[in-house]
Each structure stands twice: as structure tokens, then as C-alpha cells.
């Protein structure tokens with residue numbers, strides 16, 4: 001049966017002008033972030049160790065580990081919070097409808113009994129705190145008039161909750177049951193993030209007015225600010241404390257991250273400015289950060305994750321990247337089968353190396369959307385939506401240029417002989433019952449396979465044009481992609497039904513191998529790297545390598 005060998009994770013979903021709030025579990029050194037409907041658990045010690053939770057019905061926005069690291073609470077744009085197991089099968093424990101709109105931040109209480117969530121909603125309900133097992137409310141949260149962007153739970157008793165948002169306010173609540181205590185209007189723009197220090201003695205709020213303000217953790221009095229010497233020159237989107245509570249990491253739209261020393265009296269002095277190498281464009285704006293053990297993690301608008309070492313800030317960071325959008329095509333370099341190229345809907349081409357993962361992005365002069373591409377020895381050919389190559393039918397030209405096969409919306413395959421500049425129709429093959437979606441020649445050019453929108457695939461003999469393998473009807477939705485193994489013995493099909501099915505040409509279709517749920521939202525590209533490995537990608541923007549063991 002096919003086994004998952006490696007996952008190359010997608011990057012966090014980002015949005016211009018907004019921060020993203022990533023979080024982690026210091027015990028296991030894992031971080032959580034979201035992309036589309038997926039919640040990604042990434043191991044900082046081994047970035048190839050990736051786990052994906054895909055049970056949200058709507059795009060996920062934020063996720064947090066419980067204090068004991070056993071559970072994860074994740075929220076989505078519909079206002080739903082799901083609580084599920086952090087290990088193995090990610091079993092769902094509870095699901096609550098918390099707000100009527102998008103949830104932007106959530107936090108566990110230090111005893112792991114309560115959760116506070118904030119975001120957008122109708123009327124006054126912009127913040128809610130509830131018991132994690134029953135969903136019952138633990139307090140009233142008045143005082144905000146617009147979307148609440150961030151909330152924090154005081155990590156020590158007596159419990160406090162602090163919130164901040166688009167109404168420029170930082171609000172402070174005492175409890176439980178929680179009730180409004182006081183409000184601060186020290187910021188002159190959206191307050192993007194609020195975070196308690198690990199010992200609960202202070203909390204910091206950062207804002208689009210480029211300021212960071214430090215408050216007393218128990219009384220919420222303002223006690224200091226981040227120094228105005230060499231400050232951030234753009235909106236500050238996120239902040240994260242060091243585990244000893246003496247330093248803070250901030251990230252900003254000015255493309256820098258800064259580490260601040262926080263003194264006992266609450267003033268912040270700049271220790272180091274961190275910059276990441278990049279193109280210098282808007283994609284390098286930093287929108288998220290996390291200080292976890294010795295790792296300083298920053299996330300750029302383009303989705304690049306940079307990991308700095310807290311103990312050696314001079315050291316250049318490890319950079320991880322990948323796709324943010326649906327991956328539409330894959331290619332494996334013949335000269336180096338361990339090298340995989342993937343291209344996504346937004347025009348980005350990424351290079352991956354088996355065993356290592358992310359290996360770089362390819363720069364293109366124009367960033368138009370790509371529909372399909374192929375890799376030859378040293379060159380890549382792409383076609384996309386920039387009016388350069390327009391294809392109405394699915395077509396395929398033989399490697400030696402002697403014939404072409406065109407598949408129509410009517411399910412017929414037209415085989416043409418190419419003579420000079422003219423096409424001469426030689427045969428029409430009628431077996432499909434739906435519009436043709438994909439056609440591929442086998443590597444030795446002796447066969448070809450075709451797939452249709454009515455979930456069927458067929459393998460044909462190229463010379464006799466007879467059906468070689470039939471009854472390949474095991475998908476439940478349209479077939480999006482096809483791939484041949486290098487030795488011509490296997491055909492893999494990927495479908496909108498999220499499955500990959502591998503057929504052996506010499507055996508009946510019923511003896512297939514099936515990978516269920518390969519990609520959330522559907523499989524859009526497939527390629528073999530060798531006889532025993534197939535690479536798949538899809539709507540979830542991840543690339544996966546599967547090892548095949550012949551039955």
C-alpha cells in the first residue's frame with residue numbers, strides 16, 4: 001500500500017495590511033499556522049515533519065496548543081472553534097459556534113479550562129470566553145465597538161483578559177466571571193496584537209501607529225513604551241515575548257523584525273534589528289512572529305518563514321517557503337529525479353529536493369498565472385492565463401512530432417497525423433462518457449492514457465488504438481491529472497474527490513492502490529520520481545511524496 005514519505009508544507013495564508021498570529025508549543029518545538037481550510041503543525045527541528053488538520057468547513061484563521069500540549073483549539077471565518085487532539089488522528093473533542101463572524105485570535109487560560117476568542121461579529125458580541133468542555137460563557141465583554149484583532153489571557157492567577165482592536169482601544173477585564181474594568185486609548189491606529197509576558201507581570205500592545213506600549217499585568221497601568229530611537233517605520237503587526245520575559249520580538253511592514261530588551265520599569269530598548277534577504281518588494285513585509293525556545297520565527301507577506309537563533313542573532317536565518325495557493329502542475333527533472341518543481345495558480349514556481357524539502361523559488365520576469373508547465377533538461381516551458389498560449393481542447397503532441405491527440409467536450413479522442421504544417425485526422429476513439437480532461441503518452445511512447453470529467457480513465461495501445469486497460473472507474477468525481485511511471489508499468493490518476501489511484505497496466509483495474517484524502521479540496525498534479533515514488537499536489541498547496549510497495 002502507498003505510504004506517505006514526505007510532506008512539503010504550504011506557507012501561512014497572509015493578507016496585505018493585516019498581521020497573522022502564529023503560535024507554538026514550547027515542549028515539542030512545533031508551530032501552528034493556517035492556510036485555507038488547513039491547520040498546519042510544523043516541527044521547527046525538522047521542517048519535513050508536518051501534520052495537517054483539514055476538518056474545518058470554512059477557511060481557518062488561528063490555532064493554539066493547550067497549555068499541556070495535548071489539544072489544539074482552532075477557529076475559522078464562520079466564528080466556529082474546534083478543539084481536537086494534537087497527535088495521531090486529530091480526534092475532534094468539541095465544536096462550538098462562538099461568534100457570528102470571523103475569529104481573529106484565541107487563547108487558552110493557563111489551567112487549560114477556559115478559552116477566550118475575539119474577532120468580528122454582530123452587535124456587541126466581539127469577544128467571548130467559555131469553558132472548553134461545555135461552551136458555557138464565563139463573563140461579559142463590553143467596551144469594543146469594532147472588530148477585535150487580538151486577545152490575551154494572563155498566564156498566572158489572579159486571571160485577567162486583555163483585548164485590542166480596530167477601535168484603537170486596549171481593554172482590560174477582571175474575573176472569572178470576567179467583566180470590564182478599564183480601557184486605554186494610547187494608540188492612534190488599529191491595535192494589532194496584545195501579549196502577556198510568561199510571568200504575567202506585564203503585557204505589550206503593538207499597533208499600526210508604529211508604537212509598542214507596555215502595561216502592568218495586574219492593574220493594566222501604562223508603565224512604558226518601546227524606545228523611539230531607531231523605531232519601526234511601518235505598522236507593527238505582531239509581538240512575542242522571550243520565555244524569560246526580558247525580551248520582546250516585534251515585526252513590521254517596514255520589512256524588519258526587532259528584538260527589544262524590556263527593563264523592570266517597563267521601558268523597551270532596541271537590542272538588534274533583524275532583516276531577511278528577499279527581493280525588497282511588498283512580499284518581504286513581515287506580518288507574523290513567534291519566540292519559541294531558541295527559535296525566533298518571522299513570517300513575511302509572501303509566506304516565507306525565517307527562523308533565527310535567539311542565542312546567536314548574527315547567524316543568518318534558515319528560510320522555509322512554499323506555495324500559498326492551489327498547486328496546478330508538477331514536473332520532475334529527468335537529469336535529477338530527486339528534484340521536483342511545482343507551480344501554483346498565482347504563478348510561483350518552487351523547487352523541492354527529496355529528503356531536504358524547500359530548495360528555492362524560481363524568478364520569472366512576469367508573474368502571470370500558470371496553468372501547466374513542463375521541465376526539459378535545463379529549460380522550463382509554461383503556459384498560462386496571460387493570453388500567450390490559448391488552449392480550448394485538451395491536446396497532446398507525440399514526442400517525435402508525428403501525431404497529435406485532441407480530446408473534446410463530447411468525450412471523443414481525435415487522433416491526427418502531422419505532415420509538415422497540416423493535420424490529417426486518422427481516427428476517432430469513442431469510449432469516454434464525459435469531457436476529456438487529461439491525456440498523457442507513456443514514456444516509451446507505446447501507449448497513452450486519457451481521463452474524463454465523468455471520473456473514468458482509459459489506457460490505449462498507441463499502434464492498434466485498442467483499449468489496453470478499462471474499467472478504471474474508481475474515482476467519485478472528475479479526473480484532474482494523470483502520470484506514468486518511468487518504466488511504463490503504472491498509471492496514477494488524481495481527482496477532485498481528493499484521492500490518488502495507482503493502476504498497474506498488466507493487471508485488472510480492480511487490483512488498484514488507492515491513496516484516500518491525499519489533498520484537501522482535490523488533487524491537481526501528479527508525477528512519478530521513480531518506479532516506487534509518486535508525487536502529488538493539490539488545492540491545499542502542499543506537495544506530498546508517496547512510497548509505493550507493490551502488492
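Cβ coordinates are placed from backbone N, Cα and C, and glycine is handled just like the others.
Remember, TrEMBL labels are computer predictions, not curated facts.
Keep in mind the model is a prediction, meaning the values are calculated, not measured.
As annotated by TrEMBL, repeat 'WD' applies to 53-94, 184-225, 229-263, 429-461, 472-513, 516-551.
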Please count the residues of the repeat 'WD' (53-94) that DSSP assigns to helix (H, G, I), strand (E, B) and coil. 0 helix, 22 strand, 20 coil
What parts of the chain pack near the repeat 'WD' (516-551), using Cβ distances under 8 Å and only residues at least 6 beyond its ends? 1-11, 35-38, 50, 52, 54, 322-332, 337-338, 340, 342, 344, 352, 354, 477, 480-487, 489-490, 492-500, 502, 504
List the helix, strand and coil residue totals of the repeat 'WD' (429-461) as derived from DSSP. 0 helix, 19 strand, 14 coil
In the repeat 'WD' (229-263), how many residues does DSSP call helix, how many strand, and how many coil? 0 helix, 19 strand, 16 coil
